[in-house]
Structure formats: structure tokens, C-alpha cells
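Trainee: Submitted below is the structure of interest, expressed as C-alpha cells.
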Amino acid sequence: MKTLSRPSNSSTITGFILLGFPCSKEGQILLFVLFFIVYLLTLMGNASIICAVFWDQKLHTPMYLLLANFSFLEIWYVTSTVPNMLANFLSDTKVISFSGCFLQFYFFFSLGSTECFFLAVMAFDRYLAICRPLHYPALMTGRLCNILVISCWVLGFLWFPVPIIIISQMSFCGSRIIDHFLCDPGPLLALSCVRDPLIELTSSTLSSLLLFIPFFFIMGSYALVMRAVLKVPSAAGRRKAFSTCGSHLTVVSLFYGSVMVMYVSPTSEHTAGMQKVVTLFYSVLTPLINPVIYSLRNKDMKHAMKKLLKI
């Protein structure tokens, strides 16, 4: 329970109101059906990658083990937002409890942080495979792969707790309405009684570091990969090298292209509609299309998927 002060009076409430996508009741039901189908397809697509890697012995390599872990992460990432969104479509009050709001805030951002680190680790794996092919088996061992996976999860879940706890202790004035479909720092900070530049700066700094450090690491890795690939004498060899990186680069572009718009400056003057569309893209649509990208652009994965469907 949280007390939200107003300029004229005070009232005790149990949470916030997530507006989501305001429309008629029929529109809400249509959106529920649409996002329910998207959610199921996302779960099925990412689960199929996990099963394919598990059942096909040829895919028991660091690259595919990282991909399976990434798909597992995507399942939880989309689950941190969509089920509550679906419930909101059918709710008349659209209320989310104070604790529920900040739990969603924590898990959504922790899983998103973990995704940033995973994308960097996957780029590092491609760098070793292409730039150090002879040493790759000795360098990227199963033990190192496990350490990198565990490090991604631990770092991801330790990146944002402090600012989230601080924001949760703030006083909120006026309306308790969040014009979004999830608990996001921008709308939450906008509801605070007194703007705290230090909290806003801390949140923006952590977001920027989280995005740009892995992003520059990924770009540096692929710059070295590009240099190595261009030295390959045969065109077939160059195509094979590019094909192993193409899927990952596509996913990186989709994810970072949308996330950077939102969280480098979380209290910037984005319209509510733009916030929803961009957040929807990287939190719901990207996990949906990632399995398609990795399956269509990878012969080994396509073969494993066909074997899985025949079981």
C-alpha cells in the first residue's frame, strides 16, 4: 500500500492505473485475441529453438547453446509484460498494485539488461569462431560458455535494483494514471511529487552505460570479424562467414535500434503513443520474430527444426 499525495488532499490507494491502449470494449477484446496469439507464437517459436538445440547433438556447440539460453531469456522477457497486458484488456479498472508495478519494473528491466549482455557474449563467440578459428575449441570451452551465461544473468539482475528501490520510495502526487501498458520509469517519474534530478540522472546514466558498453563491444567485435572476413580469398568462404553473423546482427539492429530511442533519456519528451509503439516493438515483436530470423538464416537450425517437427 502506498500513499499518493495530491495538491489539495491525500488518499491511500493500492496501486496505479495502466491505461494501455484505450478503445472500445470490442477493440479491447480484439487486442486481447491478437496479443494472445502473438504471445503463444512467441512461446512456441523460442521453445522450439530450445528443443531443437537439446535434441540435435550437432547443435551442442557454444553458439547454439548461447542461442538456446537467449531463447529461454526471450520467453521470460515477453512473459514479464504480456500476461498483465492481456489481463488489462479484459479489466474494467486496469489497476496494477504498487508492489506489482515495481516488480514488473524490476523484472522487465533486469531481463532487458540480461538481453544486452547476452547479445554482447554472442558477438564475442562469433569473433572467436571467425577470427581465431584454430584456437576456438580451446578458448570457447563448455566451462567458459557456462561462466558467460551465468555472468549475463547475474549482471542483468544486479544492474537496476538500487534506482528501482529509490524510485519506489518516492512520493507520487496527483493522478495515479500511467499512460502506458507497463510500469516504465518515464511515466512513473512524471507522477512524482517533486522532480529529483539526481534520480533522473542516475537512471539515465545506468541505462546509457547498459546500452552503450555492450553495443560498442558488439560493434568492435564485428569490425574485427569484418576485417577477417574480407581477407578470406574465396567468395564462398566469405558468404559462409557472413551467414553465421547475419542473424545475430539483424537481432542486434532490431533490439538496439528501438531500445536506444527510449531509455538513453527516460524522461525525455516522447509522446505517450510513441512510447507505447517503440516499447511494444522491442518487448513483444522482437521476441516473436527472433526465432524466425535465426531459423531462416541458419541451415543447421532449419535442419534441426525439420527433425524436431518429424518427432
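Positions of Cβ are set from backbone N, Cα and C atoms, glycine also.
Pulled these from TrEMBL:
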DOMAIN    45-294  domain 'G-protein coupled receptors family 1 profile'
TRANSMEM  29-55  transmembrane segment
TRANSMEM  62-82  transmembrane segment
TRANSMEM  102-124  transmembrane segment
TRANSMEM  144-166  transmembrane segment
TRANSMEM  209-230  transmembrane segment
TRANSMEM  242-265  transmembrane segment
TRANSMEM  277-296  transmembrane segment
Trainee: On the 0 to 100 scale, where does the mean pLDDT of the domain 'G-protein coupled receptors family 1 profile' (45-294) fall?
Mentor: 88
Trainee: Would the transmembrane segment (242-265) count as touching the transmembrane segment (102-124), if touching means at least three Cβ pairs under 8 Å and pairs must be 6 or more apart in sequence?
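Mentor: Counting Cβ pairs under 8 Å, at least 3, so yes.
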Trainee: Three or more CB pairs closer than 8 Å, sequence separation of 6 or more: does that hold for the transmembrane segment (277-296) against the transmembrane segment (29-55)?
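Mentor: Yes; at least 3 Cβ pairs under 8 Å.
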